[in-house]
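According to TrEMBL, the features are:
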TRANSMEM  B:6-28  transmembrane segment
TRANSMEM  B:66-84  transmembrane segment
TRANSMEM  B:138-159  transmembrane segment
TRANSMEM  B:179-199  transmembrane segment
TRANSMEM  B:286-307  transmembrane segment
TRANSMEM  B:314-334  transmembrane segment
TRANSMEM  B:411-436  transmembrane segment
TRANSMEM  B:457-478  transmembrane segment
TRANSMEM  B:524-545  transmembrane segment
TRANSMEM  B:566-588  transmembrane segment
């Protein structure tokens, strides 16, 4: 084993330079040159100003906005500097307590909405940064948002439709609504 | 079972096999030094490495020397990654001024990446500098994968050669794996991932305004920089308001590409492939899943070509695929059926075109149930360990599937190299069992399987269950081990069992509620990773050396053909029986009890 230390050391240095310096430098250079928007975080811009990222959700609790997935990041929800999930097991009493709390807050914000709440609206996302909710979760909130903003519900549903992404390539993943982009559009439609 | 799910899964497997086939045949060539034109221009670089390192072509190693080289190289790798973490504060490419990590975390992480486990006791964006990620972690993503590939190539030589003293040269196998397989594939995948939205920059973290400011509580920090404690010893909380959001960036795409291709799985960010900057779209998700299985599947074709009968490789591939598909069906059923609690609380859980439904706790909306279940199954069948959902929040049976896939020894595709050499060990056991039944000396691919091979196969198969079961039992008896458990009840037991299953089998995924960044778990899991990885490598190389020295005997009427459906069934049976006998009792204490409790709540 000792005899092999010399080639081990030299090859570790050489291959480190290749895979740990040259390779990331090449990818960074190519990415920044050809896809700088994506490489730098897919920022959502309005009038040249960054107002968020198309890929990273933001916390909303004002009933005039659509709300996103519950986020378990610390110390504040949707902390883009420290991702993570709640890690609650299916039988953990803390999961039931958290769900009941979220359900009652949602119902209090719109007592007239009697339909069952879509499950993704009250369960924490894996990253704590999920930018999307299901179209069902968005539609569930549409009457509330329309009423509080004084907009016809059809108008809100049309906006919702415009910010719904279908399955990618027609069959991959799930249909989803980008909450931040939708709320920015709402603010422009009825400030 | 809906049409879209079948389409997603069918597409995945079709593309996988279409890519694995040519890649496998390509690898069969490059390990012989027969370079196709499109990579031949790299040969001067390859030879330059050998010249500098003093490696000579044709310098054949016996298995002991080969194993010594693997160990020497891995040891230096551990030291390098350890040093980078302990010194990162004073090194460049640390725009967020990440502090040096603690010694136990640095040990755990260094071992974890060198053994191709990539267990994460740390959170990427809150712990590691860009330099540590690029020059430490990503480098070992390449080199630990290349090491696994080298070892399986050595084992293939054992079958291929007759009356030979050596099994190849580790340095040559290592350099060729890196230069001709891992680097080109990573480059292509990294750029494709950036196209989908994976970040790749060395700039500091960005900051954007929040549309709605958020009020929260945080621990109050005193003048001395320490959290202020109240009379009961609890940290005092103070109200705060956030008006800006930090966006963690970094050279992520380059690292994530090899994280999947090398079946490493250590995320650039804490949330791993559920983080929208690490896995932004369903297409990036598909690419990452394909990358996980690609090389392990391709190696089956390489194996078939090398032993001169492609059907031998296809039989192995068929056995792996059958186990994977069966457990995938259980996984997606369990997660779509979800948690009865949700219905009890009056939630809508039925999947439809408007929502994924099912158990969405700890999952991302863009992936839903179908894409998440496939990822969960693939990442644990292969010893990758990347996650696009929080496994701790899976349903009990949805958590049993990934746990058992790891416990089977990471042979259902398994890690790059390590999966195939593990599965070939099971094949040896399979022909031995068949030989016992008909009372003949077993043989595999023209090599007699005798007492020495069987002893080494037993060592390889029993090493990881030993580490898993003893490690779990010990941890639950020790205060330091029990203290890390996060979820109460049977699920807490599962967290510890999952951790040791993951570490000893070099997977790296976690029931992440477990508080694993403690001196106890960092040390215990680090030792489990080392033991699992290198015991098997040593045993496999010993088998390779012994087989290479044997004559090749022509098949006779009493030879069990090893390319038939009968052999596939025998191989599946061997894997399942060993895995079931070893782990059913412990699984019964964890996920099975939890499942019964869950359906009983109804």
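Yeah, the Cβs are placed from backbone N, Cα and C, and that goes for glycine too.
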Per the 3+ Cβ pairs under 8 Å rule, pairs at least 6 apart in sequence, do the transmembrane segment (B:457-478) and the transmembrane segment (B:179-199) touch?
no
Where else in the chain does the transmembrane segment (B:286-307) make close Cβ contacts, counting only residues six or more beyond its ends and a cut-off under 8 Å?
11-12, 15-17, 19-21, 23-25, 27-28, 31, 145, 149, 152, 156-157, 159-160, 181, 185, 189, 192-193, 196, 256-257, 260-263, 273, 279, 313-314, 316-317, 320, 371, 374-375, 378-379, 381-382, 384, 386, 388, 413-417, 419-420, 424, 445
For the transmembrane segment (B:524-545), sequence-distant contacts whose Cβ falls under 8 Å of one of its Cβ atoms, 6 or more beyond its ends:
62-64, 66-67, 70-71, 74, 107-108, 111-112, 115-117, 119, 121, 151, 154-155, 157-158, 167, 418, 421-422, 424-425, 428, 452-453, 456-457, 459-460, 463-464, 467-468, 471, 474-475, 481, 499-500, 503-506, 516
Mind checking which residues of the chain, 6+ beyond the ends of the transmembrane segment (B:566-588), have their Cβ under 8 Å from one of its Cβ atoms?
315-316, 318-319, 322-323, 400, 403-404, 407-409, 411-412, 423, 426-427, 429-430, 433-434, 461, 465, 468-469, 472, 497, 560
Look over the recorded stretches B:138-159, B:179-199, B:411-436 and say which has the most C-beta pairs under 8 A to the transmembrane segment (B:314-334).
B:411-436
